[in-house]
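Noted in TrEMBL for the protein shown:
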BINDING   ASN104, HIS109, GLU114  oxalate binding site
BINDING   HIS107, HIS109, GLU114, HIS155  Mn(2+) binding site
DISULFID  CYS30-CYS45  disulfide bond
DOMAIN    59-209  domain 'Cupin type-1'
SIGNAL    1-20  signal peptide
Amino acid sequence: MASSIILVVLIALSSSLAMAADQSPLQDFCVAESSSQVRLNGLACKNPSMVQASDFSFSGLHIAGNTSNAVGSRVTPVAATQIPGLNTLGISLVRIDYAPWGINPPHTHPRATEILTVMEGSLEVGFITSNPDNRLISKILNKGDVFVFPIGLVHYQRNVGNGYAMAIAGLSSQNPGVITMANAVFGSKPDISTDILVKAFQVDKSVIVNTQSKF
């Protein structure tokens, strides 16, 4: 009986560890030391006696991002790079600005779940479930609405209004990472073989070559 209980506890612990985005901190804080040459899973810690209030703060999130680009959006991150005190705490933040009908293109965060709140305007948001269903789950959000994008799933946002839109999103990692689908597939360095992409997308080779040239 005792061995069965121990086995259940071990399975529960291993499951909880597997679901965690970032490892739990083992101290009050670990302010990132940007000048350190130490390589580890995260960032090296600054001497606690040298820590200042400025290590835990960031200014500028009130400033709108420049959306004059091909997709019509701009992401302003607030992660451990911007706030060294976020190191090991397992959270980060972004501000996303959208031009009229601008998009935040389909992308994934390999290390984080995202929770997004619309602050201005209206957004179409959605994510796609994994194979084999590839089901699109989408919704129109208005100011004050909240939506969650599960960790690792492809998702996007689009401004569906004629005016400016802005959202704030929290992520469950100090370094969530971002993989933009189009950039990764068509802008890899070196290029993915056109023969592979022709088969994958079932289009003419000229379409692939033309698309790769834009990235």
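The backbone N, Cα and C atoms fix where each Cβ goes, and this holds for glycine too.
HIS155 (Mn(2+) binding site) sits 9 Å from ASN104 (oxalate binding site), taking the CA atoms of both as reference points. Least crowded of the binding-site residues (HIS107, HIS109), judged by neighbouring Cβ atoms within 10 Å of its own Cβ: HIS107. Here the candidates are the recorded positions CYS30, CYS45, GLU114. The one whose C-alpha lies nearest to that of HIS107 (Mn(2+) binding site) is GLU114. The Mn(2+) site, placed at the center of the C-beta atoms of HIS107, HIS109, GLU114, HIS155, has further neighbours from the same chain whose C-beta lies within 8 angstroms: THR108, ALA112, PHE127, PHE149, LEU153, VAL154, PRO176, VAL178. If you take the Cα of CYS45 (disulfide bond) and the Cα of GLU114 (oxalate binding site), they are about 26 angstrom apart, rounded to a whole number. Around the Cβ of ASN104 (oxalate binding site), the number of neighbouring Cβ atoms within 10 Å comes to 26. The number of other Cβ atoms within 10 Å of the Cβ belonging to CYS45 (disulfide bond), over all protein chains shown, comes to 19. Those same-chain residues not listed among ASN104, HIS109, GLU114 yet with C-beta within 8 angstroms of the centroid of the oxalate site C-beta atoms are VAL94, HIS107, THR108, ALA112, LEU116, PHE149, HIS155, ALA169, LEU171, PRO176, VAL178. For CYS30 (disulfide bond), applying a Cβ distance below 8 Å and a minimum sequence separation of six or more within one chain yields GLY42, LEU43, CYS45, LYS46, ASN87, THR88.
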